[in-house]
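Annotated substrate binding site per Swiss-Prot: 72, 73, 74, 75, 76, 144, 342, in sequence order. The feature heme binding site is assigned by Swiss-Prot to 328.
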């Protein structure tokens, strides 16, 4: 049975029965065709003559037109257009941070909105693989040889995106035992070098986190109070477990408490953090990590709600970039198996090596969940810091700056 309430019944509307008066009273026809008077029109504004004529099939040029090459080209052009939009949003966010505009909390919503927009675009790009996968491996094989030596690795915009977000150069997987920039020449190589020298989103967020209110030792001193509370809590739990009769469960609980003690001992050891930072296992400075954890614990306070959303959106970007890499790996494996890539790389093997935490920029934010503790262990806010976090102010020099930005 159809879900349409009109199925099986005759419902005809006789437009010829409309009177001239009814037709004249049709408000849907009261508009004005401004285009008839000349000026900018849709196709000109979007320069569709350029966009829609930019699909040049190499197979057709060689006299062997392959239908699915058109899909391959359009899909990758769409990726590049979206990469351009991501870079547009990312550059604007970096500019807001660089100019100190985040000190004015009114601009934080702008930052979060644009970062969230980036994550939504990345989500779309992850899903876009499903369109490309409607092409079979044999369909791709039919025109693959026409592409060489072109390769997705040569996407300048994707490499710029990685650099501007903050993928560490030293953690990149070598491309055929060479520096990734060696695959780019002239102006493109210079653009990549310039992007490596600019302040990254990671570095700018790090500096912002270091200014988190409440970290000052002469003030609320969140870090010192948290350390004292955690080790006091662990000691109390240890004494409670020790009173229990000997059993396998007791031994397991004692072992777990020892692990927790070592875990938090490492967290509060600044020298250990610096060591992990030098090895690339941590990305944020010690002070920035303190700020991130404080925002995490007090995220319900009005002043920390938007910063917490920002940290969440930054993790979303990392997650979606990882998903994009993974989907890319799966698609390449499906299309070419273990063959070499068109650009000369090992193909699937190389791409698989990039799906790791080496390419995660905000990995420290993911690891914050490691340090969750019972709520009553979190230092209680004193009246001064509670009042400070309860009200967001414009132009507050202690945390967030007075100039507006675009």
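In case you wondered, yes, glycine gets a Cβ from its N, Cα and C as well.
Mapped onto this structure are the features recorded in Swiss-Prot.
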residue: 72; record: substrate binding site; Cβ neighbours (10 Å): 19
residue: 73; record: substrate binding site; Cβ neighbours (10 Å): 16
residue: 74; record: substrate binding site; Cβ neighbours (10 Å): 15
residue: 75; record: substrate binding site; Cβ neighbours (10 Å): 14
residue: 76; record: substrate binding site; Cβ neighbours (10 Å): 15
residue: 144; record: substrate binding site; Cβ neighbours (10 Å): 18
residue: 328; record: heme binding site; Cβ neighbours (10 Å): 18
I need the nearest neighbour of the residue listed as 'heme binding site' among the binding-site residues 72, 73, 74, 144, using C-alpha distances. 72
If you run the three-state DSSP split on residue 72 (substrate binding site), which class comes out? helix
